[in-house]
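Have a look at the structure below, then the notes.
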Amino acid sequence: MRIGAVTFPGTLDDSDTIRAIKASGAEAVALWHGDADLKGVDAVILPGGFSYGDYLRAGAIARFAPVMGEIITAARGGLPVLGICNGFQVLCEAGLLPGALLRNAGLHFVCRDQWLKVENNATAWSSRYEAGAEIIIPIKNMDGRFAAPKSVVDELEGEGRVVFRYAGLNPNGSTDDIAGISDPTGRIVGLMPHPEHAIDALTGPSDDGLGMFLSVLDSVVAA
Amino acid sequence: MIDTVDNATATPEQEQPFRELGLKDDEYARIREILGRRPTDAELAMYSVMWSEHCSYKSSKVHWKHWSANTTPEMKAKMLAGIGENAGVVEIGDGWAVTFKLESHNHPSYVEPYQGAATGVGGIVRDIMAMGARPLAVMDPLRFGAPDHPDTKRVLPGVVAGIGGYGNCLGLPNIGGEVVFDSSYQGNPLVNALCVGAMRTEDLHLAHASGTGNKVILFGARTGLDGIGGVSVLASETFSGDEGGTGRKKLPAVQVGDPFTEKVLIECCLELFAEGIVVGIQDLGGAGLSCATSELASAGDGGMHVQLDRVPLRATGMTPAEILSSESQERMCAVVKPSDVDAFMRVCAKWDVIATEIGEVTEGDRLIITWHGETVVDVPPRTVAHEGPMYERPIERPDYQDALQANGPEQLARPSTPDELRAEVLRMAASPNLASRRWVTEQYDRYVRGGTVLAQPSDSGMIRVDEETGRGVALATDCNGRFVKLDPYTGTQLALAEAYRNVAVSGATPLAVTNCLNFGSPEDPAVMWQFEQAVRGLAEGCKELGIPVTGGNVSFYNQTGTTAIHPTPVVGVLGVIDDVRRRIPTGIGAEAGETLLLLGETHDEFGGSEWAHVAHDHLGGLPPKVDLARERLIGEILVAGSRDGMVSAAHDLSDGGLAQTLVEACLIGEVGARVVLDPDQDPFVQLFSESAGRVLVAVPRSEELRFTEMCTARGLPWRRTGVVDPESQSLEIQGIGDLPLAELREAWEGTLPALFG
């Protein structure tokens, strides 16, 4: 089982994502933004950070990187893709997920341990959780407020594509407390919180995040 | 017309604006004597920035003798690099070396809080990279004016956003620091920045330019007009008041940072180090290319020739003097063997980092800089970088010191009834200096890189260095400027003691010390007295603790008109822990049935205390006594306690005393406790005194006897002071009352958001 983690210039949590992939028992494969080559991986993770400095709009430039062309094609063909934080922003910019991530309501960067409710455990990245489970995972971002037209939000809610929802205090003013969503197939998921920073209670608030990395292994085996 | 060396020789009488550049008449005369002619414009720019207080340490250097006089061979043994390098380096075991440094960015942060603070982070991170280390974490000791002053509302949010905005984009966790309010910092906030990095011991890179024919490569951002003259203008003379005391401020050009460029530069440097193709490396910080070229050249064994017209620019029409003194951020300078230049350029191209060969190491001992073929600088580099002026400034104990010390806190009205004491616990917990720092620390990424084991609100920050063995380091910075004002020698030792203790309570063994000495004008003999006392206090204190000072930074001229800030020698202590899994957390309640023990002794000591500050806005008397042998003993006992699993939580007693320590230990651990005070001592003194050398520990009941017997055997006083009570959800202090955690939390966490949004 080989899972890729993409590094753009300005990506920050790539080494943490690789650590989490290894902790799940899979082989981690580093993918480079400038190479249009997925090295035959079984799934791809776009880690957090500030790709290309995010000076234009979070994720707006990364979406055009050579590696993204391959990822977009493969994702449309069913490759499981997880976007974390900046990776979620990139997936929205690339049109693989709907909506956009706006500046946090408080206009500050927010780093805190965040409770999430698992709303949908039928996706490639959430099958290891009980439906309705509450998990605690760090959130850390400046632009984390999910927004989309009402029709899109209604569709997401109606189709059960809200995968994770903020429990307790909403940290950024996100619509409907949405923390993470999926595409219609459930194979592409994006979320703002950082599961890779919750794989060991020594360095994170819990090991609740490991479930996402384990879930995808099941989904790849099942496929 | 460009002022060349030939032109300077031909026009010896030409007037030069040396005073505007911050040079004194005799300093200018000395430059002429060194060169045997007048300096060119470019040379004048170089000397003026490099001989500024900020770069040359001309007022402080004479006191460095205290460091060497107090460093024993045993203390030296663990140091791989010390004072004089970009940052000190110590060996921590398992083949790892750690480098750390603390630096000030005070004046720029007052003028332009966001960029000033941001570029402070950027600069200290490049210092760490210049040692060949991977930066691991940052922390920021900050001091601001009164919390409710309108200008604090301008400065603090900007500084915090700047540190976050830059640091978060670099991918470095922010693991601690300080936020202190005092009106003495109103016109002079202190923005200090610390960075810690690690490398394999064999990978240490010292800045030097050895090997004739080796190439000098400038890489990173282009050079622009930002920050020109920043060093000399900002750091030397900015706040000097004229005779009328109106304190006219020159408006300087604060540099603008680009954290994305720095992040890419970090990755690029690390790849270059890994390839083993860097002979010498130097960051470009204050004084820009003037500093980098003269320091690289004077530390090597030859001369250097730099073709300044090759430097990539971002502005048109820049003069050689401007290029040499530009403080554009995110630049580094490397010395590379000719055969490695292609490989070097390939790595830079991979990261889209601009890299330009701007010169080479030459025979001889001159630094020669040319501009389109004409020589604009021809100097002995040591005279620029290391042989600047050195002053023995007059020192005089200030007249007010006796009156200040005589005005003790004894006459201040104290709360005494249970209701008054209960109300005081809440008032103190909500006071701006003791309230939760969460509003600040939530704006910093503490998780990135996945090695953060402890961060705020813990007493120290702890980072895992080796993922296999679990070896890690802990860091704390501290300074109570009020204590230093009352007695600079003791006050500085108290800062050292607190930082040492904060590292020890995490279970780490203190190993090395850095500092950032923030003081007023060195031209004021009273300030120089404070400074000399502080340096001596720190040096002698370190000797007693057996840990060396590996580096430091001095920031003078922190004053408005003739009023200096409280002397603020911020002390940073680095400790090592062989397995971070054995760290001791700050919050109690990790294990069922813990006993709370108070280690150390409490005396009636309120001079300079937070209580005197909050309740009476009083500053006078003497600071608490310091006993470094006791601090060392407490440290040894805590490390033993951590190693043998006898201690499940520990929190030091400092600002606000036992009451504040109990409040924090309960709130962080999210459990209640029942506390019984000593019937033979005034409850007010027990709750709020700031006697040094004290720690609150939680020990599992099964370990209580073993732990207390160890304390008794080693002569450390201890007192059973309570028990953790997970059922109660309140802090109950017998004889005083019940403090529900919800009420305490509201008091502790409400203050900063109410002040700053």
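Note: Cβ is positioned from N, Cα and C throughout, glycine not excepted.
Note that this is a predicted model, so its numbers are computed, not measured.
For the ATP site, TrEMBL lists B:Tyr57, B:Lys101, B:Gly552; matching the candidates B:Asn7, B:Asn502, B:Asn515, B:Asn518 against that entry yields B:Asn515. B:Arg126 is the only one of B:Arg126, B:Arg310, B:Arg346, B:Arg536 that TrEMBL places in the substrate site (with B:Ser104, B:His105, B:Asn106, B:His107, B:Gln255, B:Glu327, B:Ser328, B:Gln329, B:Ser555). Cα-Cα distances to B:Ser104 (substrate binding site) place none of the binding-site residues B:Tyr57, B:Asp127, B:Asp283 within 10 Å.
Over all protein chains present, the Cβ of B:His105 (active site, proton acceptor) has 33 other Cβ atoms lying within 10 Å.
On the 0 to 100 pLDDT scale, the domain 'Phosphoribosylformylglycinamidine synthase linker' (B:15-58) averages 92 in this prediction.
The binding-site residues under consideration are B:Ser104, B:Asn106, B:Gln329, B:Asn515, B:Asn553. Their Cβ neighbour counts within 10 Å are lowest for B:Asn553. Of the residues the record lists as binding ATP, namely B:Tyr57, B:Lys101, B:Asn515, B:Gly552, the two whose Cα atoms sit farthest apart are 16 Å from each other. Neighbours of B:Lys101 (ATP binding site), defined as other CB atoms within 10 A of its CB across all chains, total 26. Sequence-distant neighbours of B:Arg126 (substrate binding site) (same chain, 6+ apart, CB under 8 A from its CB) are B:Glu262, B:Leu265, B:Asp283, B:Leu284, B:Gly285, B:Glu330, B:Met332. Across the structure, B:Glu327 (substrate binding site) and B:His105 (active site, proton acceptor) place their CA atoms 13 angstrom apart. Between the CA atoms of B:Glu103 (Mg(2+) 1 binding site) and B:Tyr57 (ATP binding site) there is a gap of 13 Å, rounded to the nearest whole number.
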